[in-house]
Amino acid sequence: MATYLEFIQQNEERDGVRFSWNVWPSSRLEATRMVVPLACLLTPLKERPDLPPVQYEPVLCSRPTCKACNIDMPALIKLFPSFQFPPAYGGISEVNQPAELMPQFSTIEYMIQRGAQSPLIFLYVVDTCLEEDDLQALKESLQMSLSLLPPDALVGLITFGRMVQVHELSCEGISKSYVFRGTKDLTAKQIQDMLGLTKPAMPMQQARPVQPQEHPFASTRFLQPVHKIDMNLTDLLGELQRDPWPVTQGKRPLRSTGVALSIAVGLLEGTFPNTGARIMLFTGGPPTQGPGMVVGDELKIPIRSWHDIEKDNARFMKKATKHYEMLANRTAANGHCIDIYACALDQTGLLEMKCCANLTGGYMVMGDSFNTSLFKQTFQRIFTKDFNGDFRMAFGATLDVKTSRELKIAGAIGPCVSLNVKGPCVSENELGVGGTSQWKICGLDPTSTLGIYFEVVNQHNAPIPQGGRGAIQFVTHYQHSSTQRRIRVTTIARNWADVQSQLRHIEAAFDQEAAAVLMARLGVFRAESEEGPDVLRWLDRQLIRLCQKFGQYNKEDPTSFRLSDSFSLYPQFMFHLRRSPFLQVFNNSPDESSYYRHHFARQDLTQSLIMIQPILYSYSFHGPPEPVLLDSSSILADRILLMDTFFQIVIYLGETIAQWRKAGYQDMPEYENFKHLLQAPLDDAQEILQARFPMPRYINTEHGGSQARFLLSKVNPSQTHNNLYAWGQVRNFQVFGEDAKLTE
Amino acid sequence: MNVNQSVPPVPSFGQPQPVYPGYHQSSYGGQSGSTAPTIPYGAYNGPVPGYQQTPPQGMSRAPPSSGAPPSSTAQAPCGQAAYGQFGQGDVQNGPSSTVQMQRLPGSQPFGSPLAPVGNQPAVLQPYGPPPTSAQVTAQLSGMQISGAVAPAPPSSGLGYGPPTSLASASGSFPNSGLYGSYPQGQAPPLSQAQGHPGIQTPQRSAPSQASGFTPPASGGPRLPSMTGPLLPGQSFGGPSVSQPNHVSSPPPQALPPGTQMTGPLGPLPPMHSPQQPGYQPQQNGSFGPTRGPQPNYGSPYPAAPTFGSQSGPQPLPPKRLDPDAIPSPIQVIEDDRNNRGTEPFVTGVRGQVPPLVTTNFLVKDQGNASPRYIRCTSYNIPCTSDMAKQAQVPLAAVIKPLARLPPEEASPYVVDHGESGPLRCNRCKAYMCPFMQFIEGGRRFQCCFCSCINDVPPQYFQHLDHTGKRVDAYDRPELSLGSYEFLATVDYCKNSKFPSPPAFIFMIDVSYNAIRTGLVRLLCEELKSLLDFLPREGGAEESAIRVGFVTYNKVLHFYNVKSSLAQPQMMVVSDVADMFVPLLDGFLVNVNESRAVITSLLDQIPEMFADTRETETVFVPVIQAGMEALKAAECAGKLFLFHTSLPIAEAPGKLKNRDDRKLINTDKEKTLFQPQTGAYQTLAKECVAQGCCVDLFLFPNQYVDVATLSVVPQLTGGSVYKYACFQVENDQERFLSDLRRDVQKVVGFDAVMRVRTSTGIRAVDFFGAFYMSNTTDVELAGLDGDKTVTVEFKHDDRLNEESGALLQCALLYTSCAGQRRLRIHNLALNCCTQLADLYRNCETDTLINYMAKFAYRGVLNSPVKAVRDTLITQCAQILACYRKNCASPSSAGQLILPECMKLLPVYLNCVLKSDVLQPGAEITTDDRAYVRQLVTSMDVAETNVFFYPRLLSLTKSPIESTTEPPAVRASEERLSNGDMYLLENGLNLFLWVGASVQQGVVQSLFSVSSFSQITSGLVRARSQGNMGVEKLGQYHILCHVS
């Protein structure tokens, strides 16, 4: 088994791929009986320091319907029987093999030299209906970001409040902006007309041949190279004022987020279609007017809650969602992405706007204020660079998946949109976003991960010969942050196995972590459109079926139930998943749910697992920190707990520890070890904080502290009001849980 | 023979119907066509007999109407016939039948009376001889006869026919045609007029007469003295009265007995050919061509051009009426200046006719509003509507509520009644005024307008003296003055909130045209200094008015000029379909606080757009933006729009070029004056609701559709300025001085004006730049000291001769400092039961003001020709009524003019010939629309000089003299080749240089050596000497090449 674990890990490191099954059941029927579908988590841009980009273009399989790239191992060539070497490969010899024919290059990255390189574009869309200090903090962050941008990147600025202002950055002296009413929905054409981006008909026709060159020129007024207008923009940002329109008592400020986004999308659509661009929306509250409004400006009417939504009482939700979906789709079609940075104490309409980030691969960041390190550092982290000094972001990617003919593609779940490319390898059964073999991922980073689901279509009566392998190739075209076009090709092959005869084999090749995440993604995907309980029931049923299939037990004897090692953790993941905010909306606002789900749908396997089952470390004098069960039984008076839920980092001091600290022992030299004990979790937390994106909420609490709820809500309620006394009344606290418990 | 001939037609005319319908054909066909040749001759012959009869005419005087006819045989028939008809048909039959007669005579008579006037010297002589009025009348009659004769035939169909008709027949007819419109019963008056020539002078004191007409001719020689006495008793001595009126007529008689003779004779030959040419001279204002003119008349109208036609007339002088015979406006003005310019006009007496607008005089307010505020067409109103209808004299008041006063006169006192506000009648809501009657020892007062009895509030109580006057009457402006102001309470404010100070928004077209001409640079440069001179109230340190700036082409650019900014910020709004104001704070600012930013902005605007290629502009969204800005700032204000081209960009209010000269003189001509779309009216309405006044400066170099663009300024109480083909070097001074004046002038905002009157009459119609949402309240988004509202009154009951008629004009407005005020003007008029009283207290200038406005509004709805006819008809009716009821009888062909209306025909003719009513070939549609709207809010002085321009002879007075050069009658014939003239009508200034003017003058003025080197066009005046022109800066030069 260890071999499989190594294999899995090695594959992940090399290709960024984790399959739920690493040996594939060879017939359709058997595959469906396996409960967990054949699927994989693909991290298309997984960082591969050891992977040198190849400076030439890939060779394509010459059969028009296939077009697979060259494959890593010569052995695989036979899997694509029609493959023929093109003439260029005439000089192949044992000594001089192209990289793609070497086994260690199952993933290969090509750089494409042709085509104009267009600079990256960053369009800031800034809400001015903020509190003074919030706005100030935001302005500083934005100014700071200018120094982080690639110098030749183009930047643009749109501010909005009651009106929407598109700032012209090129002009000297007088600062100039185009102003739009915040209540009027404009078509892309209108926006471009009003911004003067369309040229009169006559010159247009004449200029058509040279149009590509003119492109940058036409748009220079609103999008300028950072190095040119660095100072200007810094001043401009510095002079930004709060929205001047008076807000009367009992009203929300009028915020035209919908129109502002629409204009941002329209602006880029008209000027830089299909080039890498980020629209970065900074908002401090819900849209309150115009298309995409989420709540009215009357403060006495609160923004919708889950309760309202269930009661069908959220009057603006559908319309707003539709508006943002339309924008998101347009943006995706243009290859741009939208980030949403929403910082407010109340909801800001992320529920309605989520698709903007979800469909375009943009980021979604939620905080309480722009004046928090959570926002500031998260924002800063967007511009971090990798070992090559390149920004860890890529744009306008298309993911093309090809399979050998025993497989078909059922769908994908992740920050992508379908490109609606039908083909022989596209299944009719959809899981996630299906019906296509290509997806567009407008914005992605090295951790962006998609779940891709397959269907085995090989019929039971047409067995695959022993030792047969199935192959899948992932081809990702993208624009690197250096503005180069690149293609990364990953080719995977796995053995087929007959379930009847080789069930153990298959069992052993089960990747329970990947499977848990993949199932969770399916569940979350369903939860977006279905009622919560239905999804839970579905998950339960899947778990039960899986246990039936792979568990060993005697009927009527619960204690006899056993799962093999490769399945042992799976039920636990499912348990925590059921309780996670991804499926439970209780105690979360619709915005929070959207936020959590957004991140769940894009993070890689490790992070996803943390999200499903938070990690709990226990620190004590008894030894080095150790991971403990996420269970209320782990909460002990003389321990310090560090919990990482991905979104929060909680440090919890047990009762005794808290008392000691209160008594100030840590300051006494003779208790230096206590001081170290206190410090240890802080250091570890800091380490996590440094690495994570988005920056988690950092909570430092103690026994009885109000913030302890973050811990208590996560742990398995093994001790509750029901069984508290049965456990001998050792504990003076209860954990309330609403459903199943893991232990018992 | 002739007479006989004429006679028969008369009866036929008696039948009203034939007259009108038949005009063209019947008359022509029947008489002109067939007998034409004979008839005209006959007609002329007629005159001769007339002369013979002249003595009898003299007789005629005595026997006012009837007498004359009997005496004269030949005439008798005519005259009698005419009179008889009148008598019989009174108005209808008489008039209709006589119409034709009248017309002809009318024209003739004019000629005759005028002639005397003009020929002052001649007149003297004539007077000498003619002491016997008989002769005069005889002449006149002769004139008449000729006219009469001619008319008879033409009368039937000629009315209109003349122009078309053959020269031969029409010669005489044309006149009739013209006057034909006068239709009813004028004929008789005309005849009378002739007889009355003397009357005019008599009406006023002898001296005045002299001055009025022909100084030399002054009454001395005349019998006027005789008439003078008679005048007082006009009612009594109809005849005598008539004589004085016609002072003018007698002179001609005297002079031209010979000429007259010739005249009549002359006419015969000329009649055939000369008609048209002859006409023109008449247009010049000379009705003079007595006989000749008749023929001329027909032609002149059509041709009408004042100057152009000159050539024609000149050759024909002998055949025409003598232009000098027409009453001279110059003389009338001069006389009035001399007589009334010296003493202040004290308004204490009810129904006083003020001096003419051309006279400089001071006003002392003693209970009635100064004529600077209100002028009436008549200061004596008929008691009944019947009388008013009979006289046809429009009853109207020209009100200029915020008129500027000369420094010697105090502006109205401001009365503050505290929280209770001004005291008003409970029923009709009239404000307390000097005419309110306090009764019951001062505890109550009776409203002078509606007679309602109101309690006097305790805090206002005061005892009465023995005359029933309040003891404090002279301490309270509202009890002793004609004009005063109240501070308004919050009840008088919009939304029950005191207004905030108004704002000025400058909205500058920065399209290619505006940049290219240098307009934008000029304007921005000027604004920098001009902003220091915004209107301020009283002794205020700085103006309370805030300013804002917008530039635009096809999109709008707003500017944030907040004082805290280092640089102005520009905000572009391209959503012109749905205009809004993109900023709140920093758009409207105090000039002093934001001076640096504003200066920087004005410096940068020309630079920013220097390379613009944008030629399209919008218009409605611009005004909308300004209005929205004011709305957002919750204040009233004024927009200054500087616009260059037809707004063809895609936006609300988009216009297309619809200029079509082919429409002129068709029924569709009126569409040229109507706005293209309703969007402008809708917008104007919104502006008025917000108190947003729009001043429009236009700089077109082609058609911009002034008719449509001026709708908003027109309805919001704004002004329109137009500088066609603007060029900085030529038009800069004119534009800048207009701009300075416009920006600096005191203005009231968000105003509502209401005119209340005594029971019996009622304000029924209003003319001017304003908007009315109901029938009584005149709403003015803005009102400045130049804007005038003309109000027409109609009877709805009887007036009382004793109590007279009172007018109270109340204007509620926001001052330029943001204070809400009420300005009250009161005026008391007399009432009369005798028409003669009415005619003695009229004001021709005001009448013309009203009639012009009435006609100019008429062109929106009726064909221009119909409008002109209406004017002519009304004038004829006024004069006919006078002749019939107030003048002594005289021969039928003689025109009789009331003294105070003796310029009416001349002036009216000027109105008829104005560009709007009779476009010349070079007049653009835009110019007509521009002038049309301009006249709508003109006051009396402006219309006076606009329609009868001042013509100053420049070389007649020594260059060093500081007095104004002598005025000359505005007739081309008066221009001498050796002289230079300046012509001004308040709008344009022309310098006319005679071909043989002294070379030295040419050299010094134009820096060229000879006349032929002067280029036509605009030149800058060089400050040479002080011909009263250098202050005017620049003017057109017309080179007289002959």
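Just so you know, glycine gets a Cβ as well, placed from its N, Cα and C.
The feature region 'Disordered' is assigned by TrEMBL to B:1-135, B:147-327. Feature annotation from TrEMBL assigns compositional bias 'Low complexity' to B:60-77, B:274-283. The compositional bias 'Polar residues' annotation in TrEMBL covers B:90-101, B:165-175, B:189-212. The domain 'Zinc finger Sec23/Sec24-type' annotation in TrEMBL covers B:422-460. Annotation source TrEMBL lists domain 'Sec23/Sec24 trunk' at B:499-743. Taken from TrEMBL, the feature domain 'Sec23/Sec24 beta-sandwich' applies to B:748-831. As annotated by TrEMBL, domain 'Sec23/Sec24 helical' applies to B:844-943. Annotation source TrEMBL lists domain 'Gelsolin-like' at B:962-1015.
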Long-range Cβ neighbours of the domain 'Zinc finger Sec23/Sec24-type' (B:422-460) (under 8 Å; 6 or more residues past either end): 367, 415, 468-470, 473, 478-482, 486, 488, 756-759, 803, 806, 808, 810, 822, 824, 826, 828
Mean of the pLDDT scores, which run from 0 to 100, over the domain 'Gelsolin-like' (B:962-1015): 78
Within the domain 'Sec23/Sec24 helical' (B:844-943), residues counted as helix, strand or coil by DSSP: 65 helix, 0 strand, 35 coil
Secondary structure content, the domain 'Zinc finger Sec23/Sec24-type' (B:422-460) (per DSSP, counts of residues): 6 helix, 11 strand, 22 coil
Helix, strand and coil residues within the domain 'Sec23/Sec24 beta-sandwich' (B:748-831) as assigned by DSSP: 0 helix, 55 strand, 29 coil
Secondary structure content of the domain 'Gelsolin-like' (B:962-1015), with strand meaning DSSP E or B: 14 helix, 12 strand, 28 coil
